Amino acid sequence: MQGKAQLSDSNRRIMELDAPPRRVYQAWKGSNLFFLGGRLIFGPDVRSLVLTVCLIVVPVIFFAATVCPQLGHEFHSQIGGWVASVAVIFTAYILIVLLITSGRDPGIVPRNTHPPEPEDIDESSNLPDCPGGQQGSTGLPPTRDVLVNGVSVKVKYCHTCMLYRPPRCSHCSICNNCVERFDHHCPWVGQCIGKRNYRFFFMFVSSTTVLCIYVFAFCWVNLRRIMDTHQCKIGRALLKSPISGLLILYTFIAVWFVGGLTSFHIYLISTNQTTYENFRYRYDRRTNPYNLGVGQNFIDVLFSRIPSSKHDFRAKVKADSSTFASSLSMGRVLSPPKTSVDLEMGMKRQAVAAEDFEDLHSQIGSAMGLERCGTEPPHFVGRKGCSEMSPDIEAFAEEFGMEGGLSERKKIERRTNDDS
């Protein structure tokens, strides 16, 4: 039974080797969702993106279909068509920026497969002593000091990613990733906002603000034109164009939200802060090591080069082949294949390479070739009869199709024992 179980385990490992290799996005440890074969990465709350798109597109459809034709009729010109065209094109631009914000890597830091060595940490010149002498379960201090523009900044150890987070990095509990220059997790775009997509997030928010003002303004123009043409008050004008009134109310409410958010992020950019830092650290009360001046801050945040992603989500997962580091001729127990854990994969596989099979066959053959006591090496002297095959060797011999050699070996041992 034990031999059959080992044989089935071996068959399973061989089937894993024959199976198509998995890709990084298929073995991802975080909570992200991937689309188009790993080309797009979203947060786990990506469904909220549908609501965001509807809140933008539906009002523009009503605006272009009802208000703009009325503008053309009231002004007796093609102005309605031009106004509608600008609104549609600008909306398409906003949706593209929204997709870029939501569907790209925000700056995820690769995880480690194991914690850093405490010896390496202790040698760091900027590592402070732990408060009270306490350390984490890994034996590593919870924080360490790094210098940023001449200012000492504490960075924390992330037990999930098993690394000391870079400055301005934080672990998002929703996406379960450490993100560089973490700003916040935005439920409206269904993604973390970090170093690689903050610029597009700001473009999305500010462009949406402009679109709200645009629709609001032309709806008012339409109502005013109706009032002037028909010599009526606002109430009767609203009866003639109720969609204009609804859009004025809708955009007035929306502009307080997206407009306020735009103003807040303009302040953050001018001081080179993130939303997380503003609410957690309050740099206005102490020195902000990242503040380079208003002009340089805008250049640094909005016009600097966006770094490439540290992940290739479509790359194939690499599985390291394992070897059997044991000597069969000495009767040692075979060590099981080592488990291979790939960085950022979260997947464990056991693999045996083709050369390992050949090596195993040769070692079993050499062990079975010891048919006479005189041929035994010195360390077998003193044993009863000829050397015996260990149960592990027998099981592996059966597993790799060498049952015939084993049975002949056992017959020779029995005859030798009877003669003695």
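We number each residue from 1, going along the chain as drawn.
Cβ coordinates are placed from backbone N, Cα and C, and glycine is handled just like the others.
For 156-280, the entry in TrEMBL reads domain 'Palmitoyltransferase DHHC'. TrEMBL lists 108-142 with the feature region 'Disordered'. Annotation source TrEMBL lists transmembrane segment at 49-67, 79-101, 200-223, 243-270.
If one looks beyond the transmembrane segment (243-270) by at least 6 residues along the same chain, the residues whose Cβ comes under 8 Å of a Cβ in the stretch are 55, 59, 62-63, 66-67, 70, 202, 205-206, 208-209, 212-213, 215-216, 219-220, 222-223, 278, 294, 297-298, 301-302.
Long-range Cβ contacts of the transmembrane segment (200-223) within its own chain (Cβ-Cβ under 8 Å, at least 6 residues beyond either end) map to 56, 59-60, 63, 67-68, 70-71, 74, 83, 86-87, 90-91, 93-94, 97-98, 100-101, 104, 183, 186, 189, 193, 234, 237-238, 241, 244-245, 247-248, 251-252, 254-255, 258-259, 261-262, 265, 269, 302. DSSP labels the residues of the domain 'Palmitoyltransferase DHHC' (156-280) in these numbers: 76 helix, 17 strand, 32 coil. Here the transmembrane segment (79-101) has Cβ contacts under 8 Å with residues 49, 52-53, 56-57, 60, 63-64, 68-73, 189, 191, 193, 197, 200-201, 203-204, 207-208, 210-211, 214-215, 218 of the same chain, all six or more residues outside its ends.
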